[in-house]
Ligand SMILES: Nc1ncnc2c1ncn2[C@@H]1O[C@H](COP(=O)(O)OP(=O)(O)OP(=O)(O)O)[C@@H](O)[C@H]1O
């Protein structure tokens, strides 16, 4: 059966098992095709056991669950109260003057009201009626009633007046000043209020409420039909409509609408016209955030419309600014999404790339992982800020290497660091290879291995801000690019993390081998597709992940790719200079306590030449003569000197006893001690101090004393 003459009613009846009479339409002769296959197979429909997928709505809105969301609401309320107090506070003299001006009228009104009450004025019309009706008996009764009222009320009024006069005299002549003035102020205010003209307000309004309308489906449909996408424009003319898989709901400080666009229209097309959508919804651009949900299908659009412009939102506080430490093997806080929900990111097992045009908050963003690494006492941090403004100078307090400047000297320091990083990667790879499977099941650094002092597998985070200065350097650029690519590819699993930030993401300034292999990408505002894809990854732009849509006002706002399954829009936490210094001081204290403050932070000169990373225990294992259980120290010292003359060469000139003592002292901090080892030399047994291979292996596994 072809699509055109498919009988839905018949098929539905058949699917429902109804045996109703169904009229069959004979297919047009022209369409008869012996080999035709039914497009909609009722049998297959019936047999298909569709998997059930529950979509559960959250029990509580996301902002209630997020500390930052809640804090944002409370702060907004607090600020409103403070603003109102300030607004009315400065107008108090004006309000006082108004009350004073109205108080004579108020006095007249109060006196008049009391007079009318005391003289029983309200009974006057009834008494007049009795006179007019010549009803003398009723009149006499009313007059008696009036006389009783007047006597009683008159007495009360006179007593009240005397009381007030007495109080006035006391306040005027005997009372303490504050009481007298308060009473005067209160009386004038009360009389002023009594005399206030009905059409004149005492206070002017501090906050004129602009009532935002909730987001409704007709509003969204109308807006979508006006953004210039043919299939959406056709909705208004009766074309295929959009579908609503979920009701429009409150989400954080905004509305969230989930929309299935007409068949063949993608969310990316709408994202591309975000400005037009904002105009059609009559909301500021920073309030309108369309996103795709490509894991469902490319036509699924999630439209979030905030109450306030993200660019106007207050700077986001960093939860670790006031206290706390970080475990780099768990995510650390980075900022909030447009809904106010906290966003976290990982630093372990993933390298970072941050990019944007100048002045959008790149360095502020780099601060966060650098500070987070600082707050993990195990981590070693190296910082190279190649702009020379000292934006990351806080890290000097705990970084083992630090350089700030755009001159060859600083650029070379970064290159040397990369060389050392490659050597460090090799060393770590060798150590990890040598570790037993149960200690290192996945051939990568685990939190336990990173915490073991002495193994040298601690997290090593190296940040290079304005890395384009290094990669585009005529002399060092090529080597740096090769090294960075190797480190990015190999270091991840070994706990060596590279954090690169650039304001010029093109292929000369950011080697493609590096940009293609980075796991976490953050892109603040960029101007074009090429830069966007350089930072966020190939096809990001095509898939609607476009940092080009951020405006000049969106400082600190970025697309984050790689931290979660989907790309996220994030407003980064804001840590200013003094706050960064305070956090860095905490990072330094953590290292002092752990005994790992070293390098630049400890006042040591930063390595200017590539000093290969090494460890005496690893070196001993490397030079150990094959098949020997016990080896003399003297033999080992000679072999070590051959392996690393620059380190152990100083021992070669020593006498045998001195050599033995030097090695004994060098291994002692790691719990390894020498013992007597007998060897037959020229037919005689010679006893000297030496090491045992089993002891060495044990010491390598659980050694202490280093980082
Ligand atoms: N998360 C943020 N929230 C609010 N404002 C921010 C945020 N991050 C940065 N800014 C603002 O943006 C300005 C520029 O930031 P930053 O110096 O990090 O820019 P940059 O991209 O590194 O610039 P350049 O490339 O010139 O160094 C800062 O002075 C700050 O006021």
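Cβ coordinates are placed from backbone N, Cα and C, and glycine is handled just like the others.
Marked as transmembrane segment by TrEMBL: 154-173. Residues or ranges marked as domain 'FtsK' by TrEMBL: 340-533. What TrEMBL records for 356, 357, 358, 359, 360, 361, 362, 363 is ATP binding site.
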For residue 359 (ATP binding site), what residues in its own chain, 6 or more apart in sequence, show a Cβ-Cβ distance under 8 Å?
555
Which has the fewest other Cβ atoms within 10 Å: 358, 361, the binding-site residues listed?
358
For a Cβ distance below 6 Å to any atom of ligand 1, name the binding-site residues from 356, 357, 361 that qualify, or say none.
356, 361
Please give me the CB contact count at 10 A for residue 360 (ATP binding site), counting all chains in the structure.
23
In terms of DSSP three-state secondary structure, what is the assignment for residue 362 (ATP binding site)?
helix
Which of these binding-site residues has the least crowded Cβ, counting other Cβ atoms within 10 Å: 357, 362?
357
Local Cβ density at residue 363 (ATP binding site) - other Cβ atoms counted within 10 Å:
21
Residues close to ATP site centre defined by 356, 357, 358, 359, 360, 361, 362, 363, Cβ within 8 Å:
503, 524, 525, 555
Measure from the Cβ of residue 356 (ATP binding site) and count the other Cβ atoms within 10 Å, all protein chains considered.
28
